[in-house]
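A short write-up of the structure that comes next.
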C-alpha cells in the first residue's frame, strides 16, 4: 500500500512539473470555489433566461416610411407629374436610402386619382430616427414646390410597426327580445297607415329597420324619392311613407311578388344610390304583407345591434384603457366610419330661393362661431365672457335661418335642404367580423380593429396578461354582448412557439443523454455528460442575454443545432479522463490531466466551429436580421462548452468518474475484435485500394450534382400558423360596395369549403376548424404579421383574415380554398396566402420598367408601350402550366368622364372654368362647409346633391353651374360637352421610373422556380428584343434566392478561409489542412441526398445547413488529426498511427455524431417547414461526412505521404511495440 501511495505521489510530482498553472487543475484542487462558481453560473443562466424578452420570431425592423399627399379631383397622371415626381426627387436626396436591386427598392410609389403614396426604404444598419428626421426635413422643403390645391405631405415613419395583438370590436346581432319589440312597433305603424286605406286593396310594405340610438337622425325624404321611383317603374300606387322609432318604410298597393319587390329594391340601391343599404346602419329591406307576420319577416333580416357611432365610442374607450398598459407603445383604430352631417340639396329648390351652394358655408360660419367674448374685470376678478354659438347637434344646424319669405317670415335651412346625420360617403374603409353566435350560426358583424403595438424590448407574455386584465376591467363599462376578440394574438403565438422549441430542446437533450449512455456503456460518464449540458446552457443564456439576444425560434433552434457540438468537448474531455484513469493515474490527476493534454486539439476544434458560424453575421438585409442571433448563440454555446470542459467538467469528473473495473482491451486486441476490429480491417482495405475509394468518392460527387439538379429551389417556406389571408382585387374603378359584394361571396365559399372538409375528416363532436373571419374593405388590415405590407386605401381592394383552430390544417386548406374561390367567384382576383417568413411579396415577379421622363411628349406612348410589353410578359408566363392568376399591378384602364368646357359659351353665359369645376366637385363629391363639434369629435358638415340628381352618368349634363359673382345659373350641357374615355388610374413607379410588375403564384405542389424554368428562356429572348429605354428585371423568389445564395457562398469562402488559416497555425503546414477539408464535399453530397429523400426543397435554410456543415465536419477531424500528429512526432509507423487514431477516436466520433444528428430530429419534427430542410441537410451531411472522416481521411493522408510525398513521415524503431495509449489519453 505504501508503494502504491509512493507511486501516486511520484506521478503527481511529475504532472505538476509539466502543468504548474492550469485552469482545469485549479477547479479540481479548489472544490469549494468550484462549487460556488457552479451555483453562480446556474443562477446567472436562470436569471438571464427569465429576463430575456420572448418573441416568436427575431425582430426584423421594417425600415420603410410612407409619404402621402392628397390632391383631390386630379387624375393619376397629373398627380404623378406634379406631386409624385417632386416627392421622389426630395426623398432621393437622402443619403440613407437602400441601394436599389432586383429584390427590393430604395424608392417606390403608387399614384392613384387624387393621391400620391411614395415609400422610402432605408439601408440596413441605418440610424432609423436620424434618417426619418432627415427625410421629414427634405419633404418640408419640397412642400413649397407642390401645386396649389395639393395637400400637406404626410410622412408615416411608423409604417412598419406590427401589431402585437389585433383586436376586433364588433356588434352582435339583435336578440329575440329586441326583435319582438321592434316588430310590434313596426306592426302598429303599418296598421295605422293601412287603417286609413280601403280594405279590399292588397297592400304591401317595404320596411327598413334602423338603430334605436340614432333613429331620429334619419330623414324620410329619401324614401319619398324611392316611392316616386317605384311608382314611375310601375311597381305600385297609393304610396305612403312610414317613419317611426327605429324603422322607416313605404306602404303601397301592389300585386307584385315579394321576390320582385326585393329585386327592384336592390336595383334601386345599386343603380340610384350606389349603395347596399338605405343608410349605413340600416338592416336589409324586408317585405310585410300580413302584419301578423311582421316579426317573422323582421327576424330574417335581423342586423347589428349597435351602430357605427356606438362602436366608435366603445372602441375608443377600450383603446384608452389599453394605452395605460406599460408595455404598450400605441393603439391604432382601423375601420372607424366617420360621421358627417349631410346637407342634401336639390338644384332647382336651391335656385328657387336665389341661393348658390357656396352660400351655405358663410351662413353656417356666421352662426357656428368659436370667437371668444373676451374677459371683463369686475370686483378684482377676471371673468371670461362665453358667448353661445357652437352647434350642439344636427337639429340646430337645421334650424339656422337662411333667408326671408315674401311674407317676411324666416326660412330655415331645413326647408331648403335635407339635414341628415350620416356617415362619410362613400366609406373609405369598412371592417366586418364573422364568428359563430350563441345559436351556433355564423354572423357577419360590423367591426372596428384595434392594433395594439408593443414597446421594444418588453415581455410580450406580460403584455398579453395585462391586456387580459384590462379587457376584463373595461367590460364592466361596456354592453355585455359586445364582441371583443383577438384576430391576431402574438402572445399566444410566442407562448406556443417558445414552448414548442423548448420542448424540442428538452427532447434533444434527452436523446443526447441516451446516446451517451449507449455510447459510453458507463452510467457515470453519461451522468457527467448529462450534468454538463445544463451548465453549458446556463452559461450560454448568460452570454447571449448580455449580448442583447432574445428568446425566439432562431435563438432556440441555434441551441438545438449547437447541442451536438457543445457536447463534443465534454465527450472528448470525459473520454480523456477515463483513459488517464485506465492508465493507472490517480483520479485527482486524471480529472485535470486528461482535458489538459487535449487542450490544444479541443481549442482548435472549438475555434473551427466558432469561425464557421461567425461569418453569418455578414448576412445583410432581412435574412441577416432574421438569422442574426444564430451565429451569436452558436459562438456563445461553443465558447461555454469549451469553458465547461476545462473547468466544471474536471471538477465534477473527479467526483463522478471512476477507473474501469476491468482493464481496457489492448490496442492489438482492438485491431482484431469487435467494432474497432471491423473498422481496422475496412480502413486498411480502403488504404490498400485507395484508387477504388477515390472512384467511389468521385461517383458520389457526380451523384450530388445530379441530385442538386433535381431539387426544387425555394427561397423561404411559408410559416405554419393559425392565420392565413385572402387578397381581393377588383378592377381599378370598382367601388367599395362592389368589393364588399365579392368579399361576402368569398366568405361564403371559405366557410363552405372548410365545413365540407370538416364533415369528411373530423367527427361531429370535434372542435370547429374555422374560428372566425375578419374582413377589411378599402384597405388591408393593420400590419398583423411582420412580413406583410398592408395595402393602402383603395376601394377596389379587400382582405379576409382566416383564423383556424388547428394551425397544422392551414397548409392543407389553403390550396383547397384557393381552388374553390377561383371556381366560384369570377370577375375578381382572389389570392389565398399563408403567412411568410420571407419578405418577398409575390413568389414570381417580373418588372417591366420604362425610362421615359414624366411630362415629356412621349408620356402617353410610354404608358402604352409599357402596357404592351407587360402584356407580352404576362402572355409568356401564362403559358407555363405551373403558374396561376398571372396579372400586372397596374391592372386595366378605367372609365373616365371627360368634361370639355366650351370657352366661348361659358364666357357668354357668365361662368368660368372654376365655377364649373366647383359645381361639379360640390355636387357629386361634396364640399365641407363647417364643423359640428360633439365632445372630442369634430364632425364635418358636407353639402352635396341629392342622390337622385347624381346617381347616373347622364346627371352630369343636368348639373347647374352657378356663377360666383352673380345670380346666373346654367345647365352644364350649355357650356360643356362630356365624353367617355379610358385612362390609367393606377401608376406604379420604381426608383423614379414607371414600372409594371407582372406577378403570379405557382399551383399547389410547385414553386416559383418551376415557373422560371418553364419560361425563363422565352423571357430572356423577349428582354433582349426590347428597345433602348425599357428593361425586364426578375424579382420575387428568384432574385431573393440568387442574392441569398451569393451571400452564403461568400460566407462559405470567408468561413473556409478562416478555418484553413486556423489549421495552418495548428499544424504549421499548408498541405495538412487540405487533407482535413477532403471530407467536406462528401458532407455536402450527404446533405443533398437527404434533401432529395425527404422531399425538401433546396432553399436558403437548406443551403445554410450545408454551409454550416464545414465547421462541424472539420472539428471532428481535428482531434483525430491531433492524435495522428502526436504519433507522427513520436516516430510511430505511418499506417499504425493512421489506423490506431481511428480506433481510439471511433467512440468519441460516433457518440458526438449520433448526438448531433439525433439532437436535430426534434427540431426537424417541431420546427416546421422553416427548419426541416436545414436539419435534414445537416443530418445527411454528418452521416456521410463521418464515413469520410473515418475512411477518406486515412486514404487522402496516405496519398499525400506515400504517393505524392507532399507530407514527410519519419519513423523511430525505438517506439515500435509501445501501446499508443501510453502516449495520449485518446
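Here, residue 1 is simply the first one shown, and the rest follow in order.
Each Cβ is built from the backbone N, Cα and C atoms, and glycine gets one as well.
Remember, TrEMBL labels are computer predictions, not curated facts.
Listed in TrEMBL:
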type	residues	note
TRANSMEM	33-52	transmembrane segment
TRANSMEM	500-520	transmembrane segment
TRANSMEM	527-548	transmembrane segment
TRANSMEM	554-577	transmembrane segment
TRANSMEM	597-618	transmembrane segment
TRANSMEM	630-652	transmembrane segment
TRANSMEM	692-711	transmembrane segment
TRANSMEM	1045-1067	transmembrane segment
TRANSMEM	1074-1094	transmembrane segment
TRANSMEM	1100-1124	transmembrane segment
TRANSMEM	1144-1165	transmembrane segment
TRANSMEM	1177-1200	transmembrane segment
Any contact, the transmembrane segment (33-52) to the transmembrane segment (597-618), with at least 3 Cβ pairs under 8 A: no
Same-chain residues at least 6 beyond the ends of the transmembrane segment (1100-1124) whose Cβ lies under 8 Å from its Cβ atoms: 561, 564-565, 568, 572, 598, 600-602, 604-606, 608-613, 616, 623, 627, 715-717, 1041, 1044-1045, 1048, 1051-1052, 1055-1056, 1059, 1063, 1066-1067, 1072, 1075-1077, 1079-1080, 1083-1084, 1087-1088, 1091, 1137-1138, 1140-1142, 1144-1145, 1148-1149, 1152-1153, 1156, 1170-1171, 1173-1178, 1181-1182, 1185-1186, 1188-1189, 1193, 1197, 1220, 1224, 1226
Result, the transmembrane segment (1045-1067) in contact with the transmembrane segment (527-548) (3+ CB pairs under 8 Å): no
In contact by Cβ distance (the transmembrane segment (554-577), the transmembrane segment (1144-1165); 3 or more pairs under 8 Å): yes
Intrachain residues whose Cβ lies under 8 Å of the transmembrane segment (554-577), provided they are six or more past its termini: 57-58, 498, 501-502, 504-505, 508-509, 512, 516, 520, 525, 528-529, 532-533, 536-537, 540, 544, 590-591, 594-595, 597-598, 601-602, 605-606, 609, 626-630, 633-634, 637-638, 640-642, 644-646, 649-650, 653, 657, 1108, 1112, 1115-1116, 1119, 1147-1148, 1151-1153, 1155-1160, 1162-1163, 1167, 1171, 1174, 1178, 1225-1226
Tertiary contacts of the transmembrane segment (1074-1094), as residues 6+ beyond its ends and Cβ separation under 8 Å: 697, 700-701, 703-704, 707-708, 710-711, 1056, 1059-1060, 1063, 1102, 1105-1106, 1109-1110, 1113-1114, 1117-1118, 1121, 1172-1173, 1176-1185, 1187-1189, 1192-1193, 1196-1197, 1200, 1207
Dominant neighbour of the transmembrane segment (1045-1067) in 597-618, 630-652, 692-711, by Cβ pairs under 8 Å: 597-618
Chain residues outside the transmembrane segment (692-711) and at least six past its termini with a C-beta under 8 angstroms from it: 686, 1081-1082, 1084-1085, 1088-1089, 1091-1092, 1097-1098, 1184, 1191-1192, 1195
